[in-house]
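Record features (TrEMBL):
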BINDING   Ala41, Glu58, Glu62  Mg(2+) binding site
MOTIF     42-65  motif 'Nudix box'
Amino acid sequence: VLLYEKESDCFVIVKQFRPAIYARHFHFKHEIDGYTYELCAGLVDKANKSLEEIACEEALEECGYQISPKNLETIGQFYSATGLSGSLQTLYYAEVCVHLKVSKGG
């Protein structure tokens, strides 16, 4: 989900620790802290929920914004990890504001 925070005039980015990225430090001897900066995202692992409902849950879990499916605009679908799994991704856009922020997220 590409979240745009209107009052701050910025996009919301998630900072995540990724063990596989951190492990590269030991193999390649690079200074890597293991953190990445990503869009709000999640797995489609709930058979009884729509993609839009899952996207809203991820916006709350990762970023702390309570949004509803009606707030989402579909940007499109694309494939990622094409050399490994060929995962189909659906990208949404939503505008958020301070009053929708109900938790810290994370």
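A Cβ is built for glycine as well, from the same backbone N, Cα and C atoms used for every other residue.
Note that TrEMBL annotation is computational and uncurated.
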* **Same-chain residues at least 6 apart in sequence whose Cβ lies under 8 Å from Ala41 (Mg(2+) binding site)** => Val1, Val14, Glu58, Glu62
* Asked: Other than Ala41, Glu58, Glu62, which residues of the chain come within 8 Å of the Mg(2+) site, judged by Cβ distance to the Cβ centroid of those residues?
  -> Val1, Val14, Leu39, Cys40, Gly42, Ala55, Ala59, Glu61, Cys63
* To do: Note the mean pLDDT of the motif 'Nudix box' (42-65), expressed as a whole number.
  => 95
* **Assigned element (helix, strand, coil) containing Ala41 (Mg(2+) binding site), judged by DSSP** => coil
* Return one of helix, strand or coil for Glu58 (Mg(2+) binding site), based on DSSP. => helix
